[in-house]
């Protein structure tokens, strides 16, 4: 079955965690797009009321406005009830790789601002160890690009500058560049995250560690909810 159908099913199921009156983080990417359409439908028919969103990208903000989803900012609402977003890889501890959509900095800020962070994904995004399938995106300031690339290579990565469809360097909403780094299997995500953060010029990386409360996974056998280790009984 098509991964898009699983993404849609995961997004629809995740919306069960949204309650009227909530302020929620709105993710970026293909799964988040399904969530936005589902949220808009629930607001339109009255199943949900007074839900306000904080978008994680300009793309998400534009679509939310088009769909009639009320928006706010973290300046006005610094504490969110819930954040909903997709992921590029999810391991059994709900550690994530995110950022292939180019919005990881805002995504991480929004997720950290939420009381609960619910991840939505097709079962194909589940891995035993991070790095099995996805490169690790690292957002860097343009001035620091040469240094960041050298330091990331020294850490064992193979950094490649992300480019847009025209072949020009991809520029994030914050005006930064992204190095997609192939580290292979990441044996110690926490140690790697700390090492990357110590590189001058790094703005953000795609390792989301200890942030997800719940993962909603859709596959051929239906929907599964995976709870973070700290939330398990």
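Glycine is no exception: its Cβ is also placed from the backbone N, Cα and C atoms.
Note on residue 107 (active site, proton acceptor): other Cβ atoms within 10 Å of its Cβ, all shown chains, come to 32. Classification of residue 107 (active site, proton acceptor) by DSSP places it within a helix. According to Swiss-Prot, the feature active site, proton acceptor maps to 107, an assignment based on sequence analysis.
The annotation substrate binding site is assigned in Swiss-Prot to 28, 29, 30, 31, 85, 86, 87, 88, 98, 99, 100, 101, 125. Reduced to three states, the DSSP call for residue 98 (substrate binding site) is coil.
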_Residues flanking the substrate site, with Cβ no more than 8 Å from the Cβ centroid of 28, 29, 30, 31, 85, 86, 87, 88, 98, 99, 100, 101, 125 and excluding those residues themselves_ = 27, 32, 107, 121
*asked:* I'd like the number of other C-beta atoms within 10 A of the C-beta of residue 98 (substrate binding site), please.
replied: 30
*Whose Cβ, among the binding-site residues 28, 85, 87, 100, 125, has more other Cβ atoms within 10 Å than any of the rest?*
85
*Give me the non-local Cβ neighbours of residue 30 (substrate binding site): same chain, 6+ apart in sequence, Cβ-Cβ under 8 Å, ordered along the sequence.*
4, 7, 86
